[in-house]
Amino acid sequence: MIQLGLNIDHVATLRQARYKHNPFAFNAEPSPLEAAKIAQDAGAHSITAHLREDRRHIQLEDMQLLRSAVKHLNMEMAPISEMVEIALQIKPEEVCLVPEKREEVTTEGGLDVVSHLPSIRKVVSELSQANIIVSLFIDPDPDQIKAAKQTGAHCIELHTGQYAMATDLEFIEKEIEKHKQCALLAHELQLQVNAGHGLNYKNVSRYIRSVPFLHTLNIGHAIISAALFLGLENALKKMLSLIEKAA
């Protein structure tokens, strides 16, 4: 079965909207830790949290608390020395390297592995030596996948944002085909294939039916949004049901 990772950044975003100037915000509501516990009990296979350089949502204290309670923690982070040091202290099961821009609302594109191969390879090596699984968040581009293999990363996470936001049927078909071919290539190169960004209750089934060799889907905003009306447990189980039926 395809696994589901819940991204809990959006819980922290809601908390920081009220408490961002409070040095003890990590103790305020809503709690990413409690969300992670509920999600884990409801069947989430992993918990994803992005510790950004600007600390706009998840805080370092959140990562420390999550580490104490989460069975499979996936830490999203920029490939910079500060974050490598933190990851080596936190020791998540998995790290997903992502690009960051301070002006973006959320991650807008994939990591350019081709242009930054030496530096990314160094980060991958440091994390791998600590027995941390390393994934690279990349656009569905064969050149990026080939470069990802050269870094020594264990996985790729295909950036599904263009597919998820598209409304033109022809464009959607083209995106699906790109993801399909990239998944095939990654599998051929013995890279685990994950995917995420913008997947929701309406578009996830088609993606699963179209793209082979998927291991994990990382989904956050859609589930947390649904949780406002359904409760987190029900929202997560609804997504798990869609994944199971489509796989």
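For all residues, glycine too, the Cβ spot is worked out from N, Cα and C.
TrEMBL entries are annotated by machine, without manual review.
Keep in mind it's a predicted model, so treat the numbers as computed, not measured.
Annotation source TrEMBL lists 3-amino-2-oxopropyl phosphate binding site at Asn7, Arg18, Gly198, Gly220, His221. Cβ neighbour count for Asn7 (3-amino-2-oxopropyl phosphate binding site) (all protein chains, 10 Å cutoff from its Cβ): 25.
In this structure, His10 (1-deoxy-D-xylulose 5-phosphate binding site) is part of a helix by DSSP. Neighbour density for His10 (1-deoxy-D-xylulose 5-phosphate binding site): within 10 A of its CB lie 21 other CB atoms from the protein chains shown. According to TrEMBL, the feature 1-deoxy-D-xylulose 5-phosphate binding site maps to Asp9, His10, Arg52, His57, Thr106.
Sequence annotations record features per position, and here TrEMBL assigns active site, proton acceptor to His50 (among others). Secondary structure from DSSP puts His50 (active site, proton acceptor) in a beta strand.
What TrEMBL lists as active site, proton acceptor is Glu76 (among others). Taking Cβ-Cβ distances under 8 Å and a sequence separation of 6 or more, the neighbours of Glu76 (active site, proton acceptor) in its chain are Asn7, Thr48, Ala49, His50, Leu51, Val95, Cys96, Leu97, Val98, Phe137. In the three-state DSSP classification, Glu76 (active site, proton acceptor) falls within a strand.
Less than 8 angstroms from the CB of Glu157 (site 'Transition state stabilizer') sit Cys96, Ser135, Leu136, Phe137, Ile138, Asn194, Ala195, Gly196, Asn218, each of them six or more residues away in the same chain. In three-state terms derived from DSSP, Glu157 (site 'Transition state stabilizer') belongs to an extended strand segment. The site 'Transition state stabilizer' annotation in TrEMBL covers Glu157.
TrEMBL lists His197 with the feature active site, proton donor. In three-state terms derived from DSSP, His197 (active site, proton donor) belongs to neither a helical nor a strand segment and is classed as coil.
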Mapped DSSP class for His221 (3-amino-2-oxopropyl phosphate binding site), helix or strand or coil: helix
Minimum Cα separation from His221 (3-amino-2-oxopropyl phosphate binding site), reported as the residue among binding-site residues Asp9, His10, Arg52, His57 that achieves it: His10
Closest of Asp9, Arg52, His57 to Gly220 (3-amino-2-oxopropyl phosphate binding site), Cα positions, binding-site residues only: Asp9
